[in-house]
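Colleague: Can you keep this structure in mind? I'll have questions shortly.
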């Protein structure tokens, strides 16, 4: 207990210093990434994209942090039994020699992953945090995708994009779920899994996560190489929309819960999930569009001189940015999906609000969202590289990983080729076979 008490006091003293070190690590990785981007562009190097470089730098930094930092204390990684507790409380108060300390729930940890690094504050802070990702890093990327959309090409291919994004994502989810369920059954048969550890709904849940394509690197290379506009638009539109579809689909599957047998089909639960899917998507669309309409009305009032805000471009840009972010946060607070809300907020604002802004605000908003998109993307790729070694709860299973690769390739093929064939029956400008190959592989 004395050791634990001493450890806690030292930890309090080092808290602010560690925060500065953690920010410095990310700062250093971003500086390195920007210098690499400049080098790649200067020498026209196209064999590795800058996002891959950012992930590689994060991987190396994660490796250094994981194995260069020592375990914080001899007590770290020790499991204390609390037999009186029947459930996991969100906050735990512990009395250590008449001093009460507060601990908060972070996540569940598998027994075989408990180690001496468990209490290491540096590794904990560097581990991927979903709240930071969803609330801070993701909104500017999705908003910029909608705000910078080439509307003419997008709406000309809207039917095909919606088919790939909605129907294709659902097909991919089901195919991945079925293939993975077969691999899970094989793992149960050879004794690598227990029968109750994975159900069919779990495999569908995994399928919905894997069905979201985000070919940031491919799109960036397409942009640099000036590929066909229709190919770029089809891939871009699908990747932007199917992220939102996959997130809503994931939520719908998570609430699908047959009462008796999780592997059985429950019609009531299924239709409830479909209803929730449609309701969440429609509500999120309405939320994002309503914020965009409010912003458009405010900007119109500026333009017609009802207010004097247009005379202060900094304030106008600030209000535009905060209202756009509010669309995401309001949707999340209301139990909807902020991704759909902020995407359609960006699309609507690009069409209605942008033209009503003052010339200075037009330039500032465009540069602001472009910069935030660039920064957020590179932070995410660095974050992903770091997470491989800093995340302390990995479970590696070679058969499951192999099955996932097979399932993703098969599901992507089942998505693109049959849907392209059906779409070409009604399209005047057909989707060529080489476009289909590129969409399949890049997705």
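Positions of Cβ are set from backbone N, Cα and C atoms, glycine also.
Taken from TrEMBL, the feature domain 'Cation/H+ exchanger transmembrane' applies to 32-443. According to TrEMBL, the feature transmembrane segment maps to 20-40, 52-69, 132-149, 161-184, 234-257, 277-300, 334-354, 374-393, 399-423.
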Colleague: Can you tell me which of 20-40, 132-149, 234-257, 374-393 gets the most C-beta pairs within less than 8 Å of the transmembrane segment (277-300)?
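Modeller: Ranked by Cβ pairs under 8 Å, first place goes to 234-257.
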Colleague: Residue list, the transmembrane segment (334-354) vs rest of chain: Cβ under 8 Å, 6 or more residues beyond ends.
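Modeller: Non-local partners: 134, 138-139, 142-149, 151, 240-241, 243-244, 247-248, 251, 280-281, 283-285, 287-289, 291-293, 295-296, 299, 320, 324-325, 327-328, 362, 365.
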Colleague: Given a Cβ distance threshold of under 8 angstroms, which distant residues of the chain, six or more beyond its ends, lie next to the transmembrane segment (399-423)?
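Modeller: Result: 159-160, 163-164, 167-169, 171-173, 175-176, 179-180, 182-184, 186-187, 192, 206-207, 210-211, 431, 436, 439-440, 443.
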Colleague: Counting Cβ pairs under 8 Å to the transmembrane segment (132-149), which of 161-184, 234-257, 374-393 comes out on top?
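Modeller: It is 374-393 that shares the most Cβ pairs under 8 Å with the transmembrane segment (132-149).
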